[in-house]
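Feature annotations, reproduced from Swiss-Prot:
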type    : residues             : note
BINDING : Asp80, Asp82, Asp84  : Mg(2+) binding site
BINDING : Cys81, Cys97, Cys104 : Zn(2+) binding site
Amino acid sequence: MTLDPNVAARLKRNADGLFTAVVQERGSGDVLMVAWMDDDALDRTLKTREATYYSRSRGEQWVKGATSGHTQYVHSVRLDCDGDTVLLTVDQVGGACHTGDHTCFDATVLL
């Protein structure tokens, strides 16, 4: 797969070729998680509607829910004004967080 050159030209990546993905639940508007993507992960997401991210610790792509069954069906992908973050709007099946929580922001409230 190859990311559309027009999309690729708008992205601003970090030194590792990655950019941030914010994931929001369709319907509730809950922010579910923040992850990293590379061009190939975004391309796969756009073509399959399966949320695909890049694991910095493993150095590889991963499809959300491939092992856990907690999948994300992608309804929309939007690029922010700076080009360094994408916003995915998804239908979440199961918990979005690796802890099993609905969102990665269900833990300690700081304020």
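Yeah, the Cβs are placed from backbone N, Cα and C, and that goes for glycine too.
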Quiz item: Fewest neighbouring Cβ atoms within 10 Å: which of the binding-site residues Asp80, Asp82, Asp84?
Solution: Asp82
Exercise. Could you list the residues of the same chain, at least six apart in sequence, whose Cβ is under 8 A from the Cβ of Cys81 (Zn(2+) binding site)?
Key: none
Quiz item: Around Cys104 (Zn(2+) binding site), which residues of its chain at least 6 apart sit with Cβ under 8 Å of its Cβ?
Solution: Leu32, Met33, Val34, Ala96, Cys97, His98
Exercise. Other than Asp80, Asp82, Asp84, which residues of the same chain sit close to Mg(2+)? List them in sequence order, counting a residue when its Cβ is within 8 Å of the Cβ centroid of the site.
Key: Lys12, Phe19, Leu79, Cys81, Gly83, Thr85
Practice problem: Could you say whether, by DSSP, Asp84 (Mg(2+) binding site) belongs to a helix, a strand or a coil region? | Solution: coil
Exercise. Have a look around Cys97 (Zn(2+) binding site) and count the other CB atoms within 10 A of its CB, chains all included.
Key: 16
